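Per TrEMBL, domain 'DNA primase large subunit C-terminal' is recorded for 293-460. Annotation source TrEMBL lists [4Fe-4S] cluster binding site at Cys302, Cys381, Cys397, Cys437.
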Amino acid sequence: MEFHLKKRARNDVKVEVVSLESKYPHNVMMYYYPPTDDIHIEEFEELALERLRLLRVLDRAGTKGLRLLSEDWKEYVSSELTREGLRSYLRLCSPGGGSAQGSKHESEIQTRRRDYLSHFILRLAYCRSEDLSRWFVAREMELFRYKFAALSSAEVKQFLEANDFSFQPLTESEKDEVKDGLYESTAGQSVSKIELLDFYKVPFTQVLDLVRGRRCYLKDGFAYVNTHDLVSVVGTKQQDIMELGLLASKGLIEEVEGDERISRMLKALHNSYTGKDYTVCRDAAVAIESLNQLSKTSMPLCMRMCHEHIRAQHHVKHGGRMQYGLFLKGIGVTLEDSIRFWREEFTKKMDADKFTRSYEYNIHHNYGKKGSMVNYSPYSCAKIIKEMAAPGDCHGCPYKSEDQASLKTKLASYGLSTSHIEEVMFFVSRGHYQIACGKYFMLTHNSNVEPTINHPNTYFEESQILMGNRQKRTTGAMPQKAKLRPDIKGHADRSMLNGDDDDELWKIAETQERAYQSQKDISEAFNDDLDLTEITY
């Protein structure tokens, strides 16, 4: 008996390779579809924090009262993005980079990729409540308008074609028929410039904001919109896409939270601190004998009130000890001096043995010398504002927790005039506590420049720099990747380093720290890639 092997036809599956340039062809993209890229957990976290820093810059511009896309607004946003190390995003918002054909540099294509992925990652964090979603959509629309405003007329046409908008610019003859109306309705442009602009004829219901502001010509139910104002039409569609996407993400949030690799990150993201790391102070050590004077000249209100409470009561509850103790560590108080400071105050109400048994261990613990050996970071403004202080506590943000009458009395006792107090209270009454703190800084330091206060240690550092006691570092320090846990920040111990170490040693230490943290925070299960198609929709 003979058996013949029957050959089966082979169906070769052709895998279509799509280049990054094809996937991300434009600086301005509509967020239609969730990405299908596989990314590592570390990149997932990095992209989330990067996007959050970007949106917070736009948020700060708004709270300063700067009009969106005005020259002052652009100047502020540009300087802040540069300071935050986000110049790549700034290039997305600059003229001349609207299409891949105009710029094929790999770095710009990668920036578009990061822009697209990070948007969808933040959807997972901001779909959880109406307030979070509203904040996210508002900031994303500001970013969208910023990017769209940088497009040239040719790039706008390409964008409309790529996204299936059925708008066509008016022909010269059509434009000539309504030219008088276009001249009268286009503010801020000369006749010669208006003649060079492209105009689009759209139903007036699609640009109600322009109609309301009398910024377009209306005729027979249609609005004649120039290239720059066309963002009102495409922006409305982009906002609808984002709002529907947030609802879809919310429907899958339980499934997402089933993955421990990302659930804690996403829950803590909005309140995470994304600024400078103050785990260890690289400047000269601060002697505890100088704290009384420093509390009056260089400490923000939250820390000054903690210090005064401790000096007056010789005791403070756990929340105050954590808030003020970690702040002292961040400004340069050594472990030994910190123990001495707390012992001298507390032993005015208790014996030394009780202090040693009940409190000394906690100080060692905060400096990463006991227990889990985690070198805790000083609290940021976001965490302090979130704290709910009970009666008798001294921690938390006084701009939020103090009633306005008590706060005015306190500010007056610190030497502020009535008019200056009203300047601070203007922002307090509107819930802008960090801006109120920045205003307090300006008034108490006779400064014309309002600093961006997002951390008490930033306040202290800026004060010392302004007073000439410290120098602003412009080189050497590598940016520290912020961690997403708002309360516990794990870092390798760097207390052996001080301001006299050279920059090369500091860079080596930072590299070792990142390696240590990666091993500590990311288990073997985290080594798997994340498939965004499984977690976005």
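Glycine too: its Cβ is placed from the backbone N, Cα and C atoms.
Keep in mind that TrEMBL annotations are predicted by a computer and have not been checked by a curator.
Apart from Cys302, Cys381, Cys397, Cys437, the [4Fe-4S] cluster site neighbourhood in this chain, defined by C-beta within 8 angstroms of the site C-beta centre, holds Pro300, Leu301, Ile384, Ile385, Pro398, Tyr399, Lys400, Tyr433, Gln434, Ile453, Pro456. Sequence-distant contacts of Cys397 ([4Fe-4S] cluster binding site), defined as residues of its own chain at least six apart whose C-beta falls under 8 angstroms from its C-beta, comprise Cys302, Cys381, Ile384, Ile385, Glu387, Tyr433. The Cβ of Cys437 ([4Fe-4S] cluster binding site) has Pro300, Leu301, Cys381, Tyr399, Ile453, Tyr459 as same-chain neighbours under 8 Å, each 6 or more residues away in sequence.
Neighbour counts of Cβ atoms within 10 Å were compared for the binding-site residues Cys302, Cys381, and the top value is held by Cys302. The average pLDDT computed for the domain 'DNA primase large subunit C-terminal' (293-460) is 92.
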